[in-house]
Each structure stands twice: as structure tokens, then as C-alpha cells.
Amino acid sequence: RRCTDIICCVIFIVVILGYIALGVVAWVHGDPRKVIYPTDSYGQFCGQKNTLNKNKTILFYFNILKCASPVVLINLQCPTTQLCVSKCPDRFATYIDVQASYRYRPDQWNYFRQFCKPGFNNPRKSVAQVLRDEDCPSMIIPSRPFLKRCFPDFSTKNGVLTVANQTTFKDGRGKTRNVTDLREAANGINNVLDARSVGMKIFEDYAISWYWILIGLFIAMVLSLLFLVLLRFTAGVLFWIFIFGVIGIIGYGIWHCYWEYDHLKGIPGSDLTVYDIGFQTDFKVYLQLRQTWLAFMIILCGVEVIIILMLIFLRNRIRIAIALLKEGSRAIGYIMSTLFYPIVTFLLIAICISYWAVTAVFLATSGEPVYKVMANQTLCKYANLTCDPETFNTTNVTKLCPGAQCTFAFYGGESLYHKYIFIFQLANAFVFLWLVNFAIALGQCTLAGAFASYYWAYRKPADIPLWPLFSSFGRAIRYHTGSLAFGALILAIVQLIRVILEYLDHKLKGTQNSFTRFLLCCLKCCFWCLEKFLKFINRNAYIMIAIYGKNFCTSAKEAFFLLMRNVVRVAVLDKVTDFLLFLGKILVAGGVGVLAFFFFTQRIPVFAQEVPMLNYYWVPLLTVIIGSYLVAHGFFSVYAMCVDTLFLCFCEDLERNDGSTAKPYFMSASLHRILGKKKLSPKKA
């Protein structure tokens, strides 16, 4: 063996070093506090230590009615003054009422002014000027913190939306309004808050049932291993039971269609055609026609004949597929360590995801506070323009747009670094996709090398090398990093294009241009198909790399043409394997799920006293079912890779050898008997 695709290997290493450098730069310029802490209209963090806001951890909105939706609030784009406070209001009050009662009830003013701008303590200032300058809110309403922001304390009473059990409130401008006016500004808040309560209950269920969930996943692992071992003996039985079951069901369907067809004979109107009655929204009408059942019977007869003919003409290829499945089970039995390799792939992908997420957060928070003009008037020409809060009051903006404020909008900047943050985010996403695909490719090549060493061992298991999995991993890293990176690069480019197309489709979803939507739909479909095709090619190319140690392009070409020369076998093996593995996943997930259901619903008397008290028994139940399916998928993915590797080795064996003493077959005796070729040459002692 020698190193392959060296140029791509060098580029890959350089990109990784650049990716590390990007993370360092993002870490230097970024500030995750901008995500953790809400920011007020002055660009200051709420709750930050060693600042005036250290005890003010919640963001308060002066006029929440100006906010269109919770999304606007969370993104800090609400056109009203935002202030850091220590707690949310717990009562209804208006500035007009507080000012009127200031002399004889100063406690109300002391409570109200904590929601005014810092340092403001002039209750004698006219209401019009206070509201114009937004020194204080015109009103406060009972609120509760969510995402460290004050939202109206919505509740539903007898199907009526209320705030603190009231349906009306004063808006501080001389009007009495219904709390439904707050619905648009806080759309969906109540549901989200209810979801938060549900989330806490779910967390409690996980906290007291995690032990039993792990036991369920362990049972799933044992069942998965048991299923893989049993496939050596039951693969053929399971497949033929399914096939004859399908034939029987279709046969029953044919008989039922004929019975309905004959039963409707002589009934008035049953001899009409579908064309006579036209289109009907009630599809039961069509079931009263003999023509409908005749059509069903003809279709089912056609399907039945096709299946039977396929079984007749493809019987030998089906036997080969089943033999390869059994051989795969035998190979895994000799190299059990391969079943646990998916853990390595999982850890590598987890590292990639973590690094990408942290880098993305630091990049997103790389910037200085940007302030924009927030105007009450929609026709203000200065609205949404950048401004400087220190010099804003000296400009004529407040004169032309009364009530306009220079408030914090987002984080950004005008430097070269800040101008290219979007490009950096794109590069971060692209390298992330490249690394994830490389981790998957490394796993496929490693497993392929281990299973290829099993197939090409002349005397099994005596000639299987020691530690085949570790040896294969070492070869893949030492010689074929460039080839694996090359295949991962091609796939990452296509995936990035798909991400961009999804982004454009999301942005253009509201457009009325039908041609644009049609073009995007076609492009998305084409690149989806291209990605599936490349995954298929890459997978088989990695197998050829593991076997022969050639570069990526050569391996991909040889694998493709080898598969094309055996295209029928590929199709049969693929479908037989998919069916059996899918059946295994359903059996494992369903079996463990049924056991978990009986356990968590206290229907197993022996363990009734051990069942924890849960808010929702479906929380651990769904976790066990989904987790069991993923565990089974992890084990069966190794099995699928084993079968694919053995199949390519089998095809190569047929083309390169003829069963003679000089060129003996390396395939097992069962495969050789199915082929019915020359007698297997005696193996050396």
C-alpha cells in the first residue's frame, strides 16, 4: 500500500488548521454573554456582574403593544424602550394614575418608577412629555419572566383570555382596552409557558426513570446482538415466510375482488362505468360498480404474476443474497469488536457538532452594539437608520419624528472582520459538513477493511489477521486519509448547496412567482437525488479502497462498473437486506417498547412496586422505543456494511478466480454450492 490522494490530504489538513484558527479568532472577538443575557436599549447586559445591572436580570418592555410577536421580542427588534429590571410588574398601573396620586400615595410612585429610565424621579413632568421622551412606560401590566424577559401573565378562565383574572386594562392614554389586544403582541406566549411547565414535568420523569431507561436500552442491545446471530440460521426462513405471506395476501385480495364483482351482478346501476358517473367526492360510490372491482382484480393479478415470475427467474440470486446475509452474520461473529465501532463514529461526530456550534455562537456574537432609530411614526424617513445614542438628542430627528428613540438593535460592525462574518459562518458550516462526512467515511472504510480481511482469509477463521478492526483503522488513517477526505469533500459540497437551496426556499416562500418556486423545487429534487447517488458511490468506493488501497477516483470507477456488471444481484441483495434489517429494527424497538409499556403502566405484577411515580408514562416509554430503534440501527448499520463488503468481495472473487487450484475461490462452501460451479479446491492444511 501507498498513500493515496496526497494533495487532497494536504488540503484537508490545511483546512482543519484554518478551521482551528477560525475558532480562535471567533473566540477572541465573540462574546456569548450576548446570547445568555438580554440587552437593553443602551446595549448593556441584564444581570451582568460588576455592572449597574448585576441585580437586574430581566428585560422589561415599555409598551409591549408595539411588539408584533414573541419572535420580535426575543430578537430585540421591538420598537419601544427596553430596560433591565430586577423583577416584572405584578399589578396594573398607569403613569397618569400614579402621577395623580403621588402626593398622598408616594409608595405607588416608588413602585412605578423602578420601571422608568434610571435616574428619572420627576413625577411632576407632564404626561405628554414623559410619554414622548419615553421616560416611563404609559402602563404596566402583571407579567412573569420568560427567557429572561417580561411577558403578560396570560391565563384562560372559562375559555376567556385574562391577565391577572381581568379582561380589561387602562393603556395609560385615556383608553380602556381588552386584554385580547395583547394577543398579537404576545401570540403563543401562553402555549409556550404551558409547554415550559410540561417541560419541567418531563425533566422530573427523566430524573426518576433514567435507570429503567438504560435497562431498556441494554435489553435492546442484547436483542440486536441476538437477532444478528440468529440471522445466520433464520435469514432464509424469515424472507420466504414474508414472500409467501405477500403472495397469500394478494391471492386473498384477488378472490375478494372476484367475490365483490360476482356479488354485484344483477344489482341496478352496478354495470355503469366510471366514465358514466364522472368524478365523485364520495369514493364509496365507485365501490358499487362492478368495473371498479374488475380493475382491482386485474391489477392484483398482474402484481401476483410479476412476483411469481421474479421468484422463478431470480431464485438463484435470492439464494445468493440470503447466503451473503448468513455469511455476514458469521463474519460479525468472528469480529465482534466491529459492533461497537459506531461509538467511535458517534464521538467524532459529537466533537464536530460541538465545535461547530461553539464557533457559530462566537461568530454570531462577534460585533459591537449597533443602534437604530425606533420611531412611532411609520412614515419617519429616519426609521431603522443607524444612530449614535450619545449625540442623538442633538440631531433634528426628534423634531421631525416626535417620540423617536436611538435604541440598541443588534451586534455588528463595519470592520473587515465584521463584514465577512457571514462568509465565516458559511465556511464554518461547510467545514463542519466535510468533517462529519469524513468521520462517516472513516467508519465505513475501517469496517470494510475488517470484513474484507475475513472474506479473503483462505481458511476461516485461522487466516483472519489479529485485531482486524484496529489494523484496518490504522491503514485507513495512514494511507487513505486523502481519499476519504476527497469523497467527503464532494458530498459536503452537494450538501452545502442543498442547505443554501433550503434557505432560499424559506426566504422566497411568500413570493407569488410560480416559476421561481418551480425552479427551486426542481433543483432541490435534483440535488437530493445527486446526494443519494454520491452516498451510494462513496460507500462502495471506500470498500474498494479498503480492499485494494487505490485512490478514490479509481476505486469509485471500479466499484461502479463492478456493480453495473452485477446490477440484478445488487438490486436483489439490497432489497432483501433492507427488508430483513428493517424487520429486525421493528422487532427490537417493538418488543422492547411493549415490555416498557407493560412495565411503566404497572401491568407486570412482579415489578409493580418498582415502577417510579411519573407525570407522563409516555416520556420514558417513547425514549425507550426511539432509543431502542437507534441502538438497533447502530448495530444493523455495521451488519449492512458487512454484507455490502462481502458482496463486492464476492463479485471480485467470481471475476478474478475460477475455482481451480491456481485460482481458487475464497467464498464460503455454501455460496459455492449455490453457484453450482466447479468443485471447491481443497484448502491447504
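Keep in mind that glycine also has a Cβ here, set from the backbone N, Cα and C atoms.
As written in TrEMBL, here are the features:
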- 7-28: transmembrane segment (TRANSMEM)
- 210-230: transmembrane segment (TRANSMEM)
- 237-255: transmembrane segment (TRANSMEM)
- 293-314: transmembrane segment (TRANSMEM)
- 334-358: transmembrane segment (TRANSMEM)
- 431-458: transmembrane segment (TRANSMEM)
- 479-501: transmembrane segment (TRANSMEM)
- 579-600: transmembrane segment (TRANSMEM)
- 621-641: transmembrane segment (TRANSMEM)
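Taking every listed stretch (7-28, 237-255, 293-314, 479-501) in turn, the largest tally of C-beta pairs under 8 A with the transmembrane segment (579-600) is reached by 237-255.
Long-range contacts of the transmembrane segment (7-28) within its own chain (CB-CB distance under 8 A, at least 6 residues past either end) are made by residues 355, 358-359, 362-363, 366, 417, 424, 427-428, 431, 434-435, 438, 481-483, 485-486, 489, 552.
At the 8 Å Cβ threshold, with sequence separation of at least 6, the transmembrane segment (431-458) lacks contact with the transmembrane segment (293-314), having fewer than 3 such pairs. Remote same-chain residues near the transmembrane segment (334-358) are listed as 19, 23, 225, 228, 428-429, 432, 435-436, 439-440, 442-443, 446-447, 450-451, 454, 460-461, 464, 468-469, 634-635, 637-638, 642 (criterion: CB distance under 8 Å, separation of at least six residues from the stretch ends). Sequence-distant contacts of the transmembrane segment (479-501), counting only residues of its own chain at least 6 positions beyond either end whose CB sits under 8 Å from a CB of the stretch, comprise 1-12, 426, 429-430, 433-435, 437-438, 440-442, 445, 520, 523-524, 527-528, 530-531, 534-535, 538, 541-542, 545-546, 549, 551-553, 555-556.
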